[in-house]
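In what follows, a structure is listed as structure tokens, so that the remarks can point back to it.
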Amino acid sequence: MTEDVQKHSVHTLVFRSLKRTHDMFVSDHAKAVALDDQSYKMKMAVKMRAEYKPVLHMPVLKEGRERGPLHASDPYGQLGYPLPDASPHYLVTGTHPYPSAPGVALTAETQMQKMPSEAGVHSMALALPPAQARQEASRTAASVAEIHRHAGAAERSHPPQHALSLMEGGTKSSGLLPRKAPTMPKPQWHPPWKLYRVISGHLGWVRSIAVEPGNQWFVTGSADRTIKIWDLASGKLKLSLTGHISTVRGVAVSTRSPYLFSCGEDKQVKCWDLEYNKVIRHYHGHLSAVYDLDLHPTIDVLVTCSRDATARVWDIRSKANVHTLSGHTNTVATVKCQSAEPQVVTGSHDTTIRLWDLVAGKTRATLTNHKKSVRALVLHPRQYTFASGSPDNIKQWKCPDGNFIQNLSGHNAIINTLAVNSDGVLVSGADNGTIHMWDWRTGYNFQRIHAAVQPGSLDSESGIFACVFDQSESRLITAEADKTIKVYKEDDTATEESHPVNWKPEILKRKRF
């Protein structure tokens, strides 16, 4: 009697094992039929041979008849399968979680458990959430090579995008369509610029330039420690100012008062009264050479930057050091001010650009895209944008947060200065004496200039240290290493036919770094 019970238990366990394997086979077969995905079928073929060999001789049994009507409280249709008294073609008895085994009594409710129909399997597959569908698709795509290796089939599977579109409802996603590469829009035509005047008079490198608001004269600072004022129309020297004991690196003329400001490598920042042509204020505080300065357009504030890695904000009248803008880790080479935020922008040899909150005296954003020293900045006179120059390239940025716009590549030199006018002509001047003209909107380089050095100078003295447009924006003035000041103007005889734009709708390369 005991042996019979043991044999019955063994037979029961074997039957249960085979039955579960068969159930898994039926379920996977139904999925293969429902999803009609060739890569899935190939995977199932391998799985059938590997895992379902013991039950492959058993017939695939038919499932229940058509589903009944959906119930209002059953959104997934689980109550829509045939009722027990609907006499389906095939019923599975004793399946999990109610195994047929000794000691387990099967009731009328549990002894028969129906399998879902093909339509049910298909609707459940399509109802998968997108995240799960993507996971399934990625698994299928990742195992294609494995399937080919094991199955040895020559049949090609669909790409994962196709499987994904099937599992998400059979519609193509717009994100899967190939993107069209961006192209450079056609640049605006600008007439070329030509040299029409060379002004001599300084005995050293001319390092800085500023034009007065009335457009009658301009001022230059030089390595000969002098500041000279020139008549803009004739180019004749009007006045020389002495007082600095080292190179004058920056000059600025106030629009709000008859004052001229200068800074130099002697650590000094001076305020000159042009009615008396003498210094009336000194601003003390920088610990090393002062490389640049700029005046705020709407309030009486002066901002200077220095080799001591700081920029300082000064009250013009009281000479008080309102803020010391700390954060750069190397020489701050250039500074610009504007009335809108950010009111102060600095560029440094530490390769970063900082946008400053003038009220708080703190950094509001740091731009780290450049890979080399930033020696030049320029604010667009009309747009809410600015540009920065570095040996790697010129970059354009959007205010107030410094969002990157585009790169202007091709001026492969140390860029010392930038200038831009209202027509969208951007000028970059470099250490090797070259000047590049760019269309601001598209970044198209429409002209390159390399003027000859002054007779008697060495070729190595070909360098552009500063450039600026006059108030009419019809003349460009450059400060150069051959001790001269050069003045350029637009070529009035040029036309679009004589100087066409050499432009093709090529793919636009906008590097992010």
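Keep in mind that glycine also has a Cβ here, set from the backbone N, Cα and C atoms.
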Candidate ranges 152-175, 320-343; TrEMBL annotation region 'Disordered' resolves to 152-175
In the same chain, which residue numbers or ranges, 6 or more beyond the ends of the repeat 'WD' (199-240), come under 8 angstroms Cβ to Cβ? 246-253, 255, 260, 262, 264, 272, 277, 454, 463, 465-472, 475, 477-481, 483-487
Tally of residues which DSSP labels helix, strand or coil - the repeat 'WD' (241-282): 0 helix, 24 strand, 18 coil
